[in-house]
Amino acid sequence: MILLIPVLLGYLSLASAAPALESHPTSSQTVDLVRRDLYTGLWNESGPDVRDIKQVTVLDCWNDASTLAVLISSKDWIEHLFHYGNGAPMYNVSWPQDVQVQVTLWNPSNLTSGPTTQLATVYNKSRTEDHPDGNWWHDAISQAILSLGSNQSPPIEGILANGTFDPLNGSSKIGLEMLTGYEAVGSLRSNYTDTEAFYNDLAKANTGTPVVFNTLSQDDIVPSTPMMGYDHDYAVYNVTDLGNGTRMVWTRNSWGSTDGFDFKVVWQNTYQIIHLKDWNVLEWPGHQ
């Protein structure tokens with residue numbers, strides 16, 4: 001995955017079609033980062049927010065995109081993954097704080113084994129990714145994913161044995177499985193016989209199931225406005241039909257922006273759609 005500087009061009013005429021979830025400040029504005037008591041809160045009073053996630057230097061867009069897709073599908077699901085160090089739940093808690101938290105994940109190599117608990121600490125918080133002095137729930141998820149992945153033999157795809165992300169490997173398929181416990185698959189764009197079937201699968205994001213699409217390589221990607229990153233994963237907010245033959249795919253980019261793409265551009269530039277095999281709608285406790 002190659003990290004590019006995203007080109008943020010306005011869709012002012014289409015503002016009314018923006019996702020409802022993005023009714024807060026735009027990506028060019030900063031999140032309110034407030035330090036409370038001894039430790040920074042995992043999230044604010046409104047809970048986990050897409051703006052808490054921002055890929056800066058680490059080449060792990062699959063990790064960010066899969067987390068964004070799950071968050072877009074169900075904020076409750078994300079909150080249920082967290083417990084205080086003593087095991088008490090953080091669900092529906094405003095400004096939860098602890099030096100160490102328990103994060104629930106699933107091992108993608110053995111999903112039937114049930115959930116596993118991984119530990120994350122505020123002292124290991126990244127000094128480059130997301131917001132170094134701000135909310136750290138996503139950093140805790142990243143710590144937990146690295147811990148689980150690096151302790152497997154061999155390590156889980158996209159994670160190195162030294163506990164870091166592999167800059168040359170990784171898949172949102174793995175991320176979705178680790179965060180949900182459901183089997184995930186990649187549906188190659190080349191296997192779709194028509195654009196309508198492809199459109200309908202992207203539109204399933206509207207129902208509460210996480211959907212990600214992965215783009216083509218640098219040599220194959222078609223220029224667009226805004227410019228779509230190559231070898232990059234985008235979490236899908238929703239798909240909207242604006243009439244007059246115009247259909248928009250609204251996405252959250254791990255670089256920190258909400259991008260609306262013409263459906264035709266997404267069709268041209270997608271390598272695969274990544275989703276839960278059975279298109280599960282995320283409602284806790286799910287399969288547990």
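Just so you know, glycine gets a Cβ as well, placed from its N, Cα and C.
According to TrEMBL, the features are:
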- Cys61: active site (ACT_SITE)
- His232: active site (ACT_SITE)
- Asn253: active site (ACT_SITE)
- 47-280: domain 'Calpain catalytic' (DOMAIN)
- 1-17: signal peptide (SIGNAL)
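Sequence features annotated in TrEMBL and their locations in the structure.
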residue : record      : Cβ neighbours (10 Å)
Cys61   : active site : 29
His232  : active site : 25
Asn253  : active site : 26
Between the Cα atoms of His232 (active site) and Cys61 (active site), find the distance and write it as a whole number of Å. 7
For Cys61 (active site) and Asn253 (active site), the CA-to-CA distance in whole Å is 9
DSSP three-state assignment (helix, strand or coil) for His232 (active site): coil
